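Down below is the structure, laid out as structure tokens.
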Amino acid sequence: MIILGIESTAHTIGVGIVNDNEVLANENETYTPPQGSGIHPREAADHHALKASHLVKRALDKAEVKLSDLDAVAFSQGPGLGPALRVGATVARFIAIKYGKPLVPVHHGVAHIEIAKMTTGAKDPLVLLVSGGHTMVTAYSGGRYRVFGETMDISVGNCLDMFARFLGLPNPGVPHLEECARRGKVMLELPYTVKGQDMSFAGLYTAAVKLVKEGRRVENVCLSIVNTAYYMLAEVTERALALLGKREIVIAGGVARSPILRSIMEIVASEYTATLHVVPPEYAGDNGAMIAWTGLLAYKSGVSISIEDSVIKQRWRIDEVPIPWITSTVS
């Protein structure tokens with residue numbers, strides 16, 4: 001079976017092609033906003049529209065397949081930025097109609113999890129999903145990915161990206177922020193907000209900005225915001241691990257590239273004799289392959305959607321998505 005997947009939830013448009021065993025192509029282009037600015041949804045959509053056909057051709061050439069060879073077309077139905085989502089959905093619908101292929105809707109967050117499981121070999125993990133749009137601890141139970149902790153406001157990736165922009169660091173901001181953090185010597189007091197199993201990062205960002213404006217050494221503020229954010233993630237993950245008794249932890253999403261987060265989570269895993277899996281860097285950020293792979297799992301389980309019903313979903317919780325491809329032997 002061969003599936004083409006299109007990702008376009010935010011700043012990246014990606015086209016991936018997979019078969020039953022491997023990724024055949026993973027071609028992506030990222031919209032880079034002006035220095036110091038965040039993503040403007042319509043500018044991102046314009047970027048995606050310009051790149052879409054070129055990316056489809058690149059992916060087909062890389063995979064050495066034709067559109068007529070596809071068994072189905074998958075697309076990121078949500079959640080995400082409306083204008084950006086519509087570009088990917090439109091391209092997917094066009095291919096589905098022109099070539100008579102089934103259309104498969106994919107939840108962006110589920111796709112991050114499934115590509116991480118596929119590339120690491122994890123079977124039944126507790127997942128720390130951390131990116132610019134997601135911050136949650138989740139695991140499969142009863143036919144869905146259930147949430148065992150999440151942000152109450154902004155994502156950890158958004159928090160750190162905004163602070164990096166405030167400092168004038170180049171895009172992508174988090175790696176440069178962590179480089180600055182490594183030069184820090186003193187941990188400063190910042191809001192550490194964990195309520196039950198939920199976290200808050202908005203106040204952390206605001207307090208860090210205030211410290212910089214007060215003249216505190218920037219490197220120390222970087223060290224403090226990064227470590228405080230990641231320690232919060234570690235606490236919530238550890239509690240969920242103790243509750244569920246999982247023996248695997250997966251870090252998925254763009255922030256999974258962080259070596260600092262990985263080192264902290266290695267400590268958590270070792271304390272519970274769990275195996276830590278981290279999604280490979282090329283599949284950590286938004287990418288087409290994760291949509292294609294999750295689309296393949298879904299389509300083989302009988303999931304497809306009509307053109308009329310393929311409206312994008314800007315807001316779509318991960319625990320609203322049925323997961324029919326995981327067998328009942330996984331609790």
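Including glycine, each Cβ sits where the backbone N, Cα and C put it.
Remember, predicted model here, so these are calculated numbers, not experimental data.
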From D20, D286, D309, the one annotated by Swiss-Prot with H108, H112 for Fe cation: D286
Of E114, E178, E271, residue recorded by Swiss-Prot at the substrate site of L129, V130, S131, G132, G133, D161, S258: E178
Distance [Cα-Cα, Å, rounded] between S258 (substrate binding site) and D286 (Fe cation binding site): 15
Cα-nearest neighbour of G132 (substrate binding site) within the listed binding-site residues, H108, H112, D286: D286
Extent of the substrate binding site in Å [max Cα distance among L129, V130, S131, G132, G133, D161, E178, S258]: 19
Same-chain residues at least 6 apart in sequence whose Cβ lies under 8 Å from G133 (substrate binding site): T9, A10, P79, G80, H108, S155, G157, N158
Per DSSP, three-state class assigned to G132 (substrate binding site): coil
CB-centroid shell, 8 A cutoff, Fe cation site H108, H112, D286, site residues removed: E7, T9, S76, G109, A111, S131, G133, H134, G253, N287, M290, I291
